[in-house]
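Colleague: Let me give you the structure first, and then I'll get to my questions.
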Amino acid sequence: MVLAALAHVAAGCNPNANAISIVPLDLQQYSSCSTYCGAFVSKNVVCIMCRNVNDNPHSSPIKVVETLKHGEVTAETTILTCVKMMREDQFCDVCILAGDSEGRIFVWTRNTDGDWKVQSPQSDNQAVSAAAVSALAASEMLTRKIYAAAYSDGTLAVFERREGRNVTRLHQLEFGSKSIMEAVDMMTLVHGNSKTQSILLAAGGVDGKVHLLEVTDSVTELLELSGHGDWIRSLAFEKHRGEVGDTVLLASASQDERIRLWKITTSERDAAMTRGSENNPLQAISRHLLYTGSFDALLQGHDDWVTSVQWIEHGSALLTSSMDNTLILWKRAPDTTELWSPSIRVGELGGNGLLSAGLLSSLKSRLDLISLGFGGQLERWEQQPAPSNSFLPSISVNGHGAEVSDLSWSPRGDYLASVSFDQTARILAPFNHARNSFQEWYEISRAQVHGYEINCACFVLREREAISQFVSGADEKILRVFEAPDMVRSFIHFAQNDKTAIAEVPYKTDLQARKVPHAYQPELSLTNKPPQSEKSIVDNDKDNGYAKLCDEILIPVGDCLSHRTLWPEQHKLYGHGNELLSVTSSSAGDLIASACKSREEEFAAVRLWNTLDWSEAQQPLIGHKSSVVQLAFSQNDQYLLSVSKDRHFCLYERQQSPEQQFVLLEHVKAHKRIIWSCSWAPDSAMFALGSRDQSISLWWLAQGIWCRACAPVCFEAAVTAVAFAPCPLSENADLLAVGLETGAIQFFTIMRGRDEHAAVICTSAGNVEWKLSPSSAVLRLAWRPTICIDELVLAAASSDSSVRVYAVDI
């Protein structure tokens, strides 16, 4: 039985203001050295973040430890728009809420076994709205949980959940299109010594007003607090639980570049108060309480929209983010409650603005800030020890912001490249923590930041050269060849304790010996160019764009990772008539093959390139009539396999002639629908095909003829990716991974007889657990190169914008 453990998840956050929720909460369910940080939404999954606190004295990296799927069938364009995580003190657990762009609400709670259970209030014909969910809030009462959801059509809905029961809708209000709510928050009020409780709900949005409502067994509208001159983007109560008689501060952030603080006072209702409040617009009465609202303070300091506000340090400080790309920490002046001033301003010059920010829990008694950028990137700033107390960029959660189209391992398996429709190529590498004997993965480079969606990529193995070369193809007619900068090579050597190679590549010591510096991209250009002078290299090294993993290793973070880790472009390959779709390299590294999008036989040809001088190796290989979606050389480089939308595969065989290195050997219609993927077995005597007709087929060389090895294996969904493990299980057995359109990943053992006349048996060997698999189509599977069956690592790219790395145990 094959078991797969999730080693790493790389995923970007959806670029929505409420797409991240930070909660300072210790959670021991994952490990004894982990701290729960929060959650964010990526495409249509919720990613739960966790912090490792014991592995690194310099920094405490955060990572995604689990992803939550709602399991409902949605359109490809549907995404989760907001998330809210709360601690349920009464139930002693955690609850996660999420809303999507089609108006659905999902509530995750954990059962006694620690597994997540999802509920959807609208599943019983109780749909509130078809508009996107813009904001969520949650609070807790004695016997139930109250949730609020704001929709982009002006609807505000309140839900309740009692222990052991499903989530039900309590009330619904229609504010209309002129009062669309963009922010909501709630707090619980305890009525004296009685067990009576109520919820104070604040909502704000397009009309620039803060609407206060009371939630008991029904919902009562209370006050409207006016003052802002533009949309309200965020609301936050000073505390989430209080007693009647307390004065609570409510902070509101607006597009008018200001933050307003409001005082909300509650008291028990009596007849005298009722008579006195009838004509007071800042007072309102409910069944049991009298509410009084008043303006307290105006905070000015941002130069653009204020997008989020969060109370920290028990209400003595306030954290705000803005589209001016800065975070400001506001502190109350001593001995006063009305005077506030900005004590810290954190951010980077330029940028596209910040959508949200929060304070991560920390065991170091120092502030640890995280922000969500306008492009969906999550960035962190950690406060340094005294006496400096300054903030420096720190290691954060990184990942693609759109569909991941291809994966490729470096020839030695040192690092993994992924390319995406977000127009970037990213490099993931493992770091071996010697003290604790475990491995973590980090994004160490952005090899390419392009202007087109990148569709394919591969590494080129050059046996006589230590430098890695990387080839990518995008929605343009050009193949681009990049070379790994010394910074990447140095990190790999140090991170993997490669003492023999450290001396060969200097690391931030001898600048004169650098062979390949990182590149830069000029304005209005798509080409990564090396620095024009050595001074620019030195200046970049002195910049505070790196975080320490250990005493010897620095890792680029923040703006440095985005703009100063580009790989220099060495060559451009011209010849294709349409946008590039697939590329692969031979095992020896002497050839690469590429194909482009096509509806005509003329452009469906496969082109071969000589990597010694990057010229075309021969005339294009014909055979297909439509787009070739994947190419693969056999391990012995004797064959080149291509699969296409025309439902055929073409098998080309290598010749001795230098003018015609490959010729067409087989052209077979193998499936009823498009063939999405192909892969060679390690011995080059068998290959697998995966098709949209929900099946895989195995082909092998028997008595000198390529034929079907066994009957097709059928699945419940389209097969979108197949990959043979790099080494056999035994002399006559191989391991095959299969990825489906649903996100499922399954494993099969392929048993062959000792001679060509024996039958081939394909047997199910297990699968990746549903909770660990992607939420949508697996677009590519790639095994890490290895010769040891005990060290199998599988990477999966998905249309849910994630890259997942699994440790596979046989």
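Glycine is no exception: its Cβ is also placed from the backbone N, Cα and C atoms.
All annotation found in TrEMBL is predicted automatically rather than curated by experts.
Below are the features I grabbed from TrEMBL:
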- 225-272: repeat 'WD' (REPEAT)
- 299-331: repeat 'WD' (REPEAT)
- 397-427: repeat 'WD' (REPEAT)
- 621-653: repeat 'WD' (REPEAT)
- 668-699: repeat 'WD' (REPEAT)
Colleague: Report, as numbers and ranges, which residues of the same chain sit near the repeat 'WD' (621-653): CB under 8 Å and 6 or more residues beyond its ends.
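Modeller: Counting only partners 6 or more residues beyond its ends, the repeat 'WD' (621-653) has Cβ contacts under 8 Å with 581-588, 591, 593-601, 604-608, 662-680, 682-684, 687, 689, 691, 699, 706.
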Colleague: Which residues of the same chain, at least 6 past either end of the repeat 'WD' (397-427), have a Cβ under 8 Å from a Cβ in it?
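Modeller: Counting only partners 6 or more residues beyond its ends, the repeat 'WD' (397-427) has Cβ contacts under 8 Å with 9-13, 15, 40, 42, 47, 49, 62-64, 375-378, 443-461, 468, 470, 472, 474, 488, 492, 496, 561, 589, 779-786, 793, 795-799, 801-803, 805.
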Colleague: Could you count the residues of the repeat 'WD' (621-653) that DSSP puts in helix, in strand and in coil?
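Modeller: Split by secondary structure, the repeat 'WD' (621-653) comes out as 0 helix, 19 strand, 14 coil.
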Colleague: Per DSSP, what is the residue count of the repeat 'WD' (668-699) in each of helix, strand and coil?
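Modeller: DSSP classes over the repeat 'WD' (668-699) add up to 0 helix, 19 strand, 13 coil.
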Colleague: Which residue counts does DSSP give the repeat 'WD' (299-331) for helix, strand and coil?
Modeller: 3 helix, 21 strand, 9 coil
Colleague: Using DSSP, what is the helix/strand/coil residue split across the repeat 'WD' (397-427)?
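Modeller: Helix (H, G, I), strand (E, B), coil: 0 helix, 15 strand, 16 coil.
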